[in-house]
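What Swiss-Prot records for this protein:
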SIGNAL    1-24  signal peptide
CARBOHYD  Asn100  N-linked glycosylation site
CARBOHYD  Asn180  N-linked glycosylation site
CARBOHYD  Asn230  N-linked glycosylation site
CARBOHYD  Asn264  N-linked glycosylation site
Amino acid sequence: MRAERTSFLLALGLLVAGIRSVHCLPENVVVKDQHRRVDGHTLASSNTDFAFSLYKQLALKNPNKNVILSPLSVSIALAFLSLGARGSTLTEILEGLKFNLTEIQEKEIHHSFQHLLQALNQPSNQLQLSVGNAMFVQEELKLLDKFIEDAQVLYSSEAFPTNFRDSEAARSLINDYVKNKTQGKIEELFKYLSPRTELVLVNYIYFKAQWKTPFDPKHTEQAEFHVSDNKTVEVPMMTLDLETPYFRDEELGCTLVELTYTSNDSALFILPDEGKMRDLEAKLTPETLTRWRNSLQPRRIHELYLPKFSIKSNYELNDILSQLGIRKIFANADLSGITGTADLVVSQVVHGAALDVDEEGTEGVAATGIGIERTFLRIIVRVNRPFLIAVVLKDTQSIIFLGKVTNPSEA
């Protein structure tokens, strides 16, 4: 019965920009391309669809607030959880992640995430990016060998025996792990843990990159940012003259500027016309993103004004995931693929995120500039009102960060 079912918590997605991390794939795990998997485009499309669906729900629940999340991190964590799901619980998770199960098999999805994780963790001189998964397991809880093997091989998961009966000690252990992995950026992911907890799954993404054309700190000045019609705040406003991908979308009423990192990954800044934010949010789809990316063209922006900001978030996603059709994991779940018995349910889904944007990128040193072309149209872009930001990895077309900055002065 429900009251007797054992609960466990799922900690989703720690996106931390502007910090250091030491996690990497285990050296003894060799990924072999022996299995059919979802092609990169299909995986990216499903992940993008889920990203916008998740963002819209968070934006509705947090009106007029900053919204910061790592949709890719949430996708990976839910896919990781689905390793242990069976029956309709499994179907709900995968369909909630926007996979068409009439065209894609479960094993293909897992192998696609395996290859995505391998690609994300490839070492690079120009980008610091790592993805980590960890399990904190009640000391006497016996996991199925198959689940342990798949967790390690497919999702590169670490495992730590934990005494959840001493819930405060367990909470400190997990929070300290997260704090260490995020160099102190996220200090308290869990504010409470039940002594009945059996298993905690943690996923995080760490991203650090430098602008290809950095802003000069000498040109950063205090300027007005219009939070709403009746509220204005003073923020440090960076400024730059550069050639960069640009698109004016008259149909949706917004201006797009793409700033490239030295790794050729990019941050897409989307500035809606005044009063158009909600209309624009409603039209966020994978097709819209594809149209935008295909429409971006190099343009000389004579004056780009962008606020410098550092913002954090901490969300409980239970209600939001239920809105997206993922309900059974919270009650009447079949997670028998974890222990062999269907006595586990998810009691709490937590997602923490943080992002720093400054003159050098997401913390780093100045990078090489790019050439500037002459143009007769003088373009000035002032990002001085609420805007959207998406950080996209070029090679995998993955949105690792998606958010809305309503007030840059709020951490």
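Heads up, residue numbers simply count up from 1 along the chain you see.
A Cβ is built for glycine as well, from the same backbone N, Cα and C atoms used for every other residue.
Small disclaimer: the values here were computed from a predicted structure and weren't measured.
Features per Swiss-Prot, on structure.
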residue : record                      : DSSP class
Asn100  : N-linked glycosylation site : coil
Asn180  : N-linked glycosylation site : helix
Asn230  : N-linked glycosylation site : coil
Asn264  : N-linked glycosylation site : coil
Top Cα neighbour of Asn264 (N-linked glycosylation site) in the set of glycosylation sites Asn100, Asn180, Asn230: Asn180
Cβ atoms near Asn264 (N-linked glycosylation site) (within 10 Å, other residues, all chains): 13
Asn230 (N-linked glycosylation site) CB neighbourhood, other CB atoms within 10 A: 6
Integer Cα-Cα distance in angstrom, Asn180 (N-linked glycosylation site) to Asn100 (N-linked glycosylation site): 38
C-alpha spacing of Asn230 (N-linked glycosylation site) relative to Asn100 (N-linked glycosylation site), in angstrom: 45
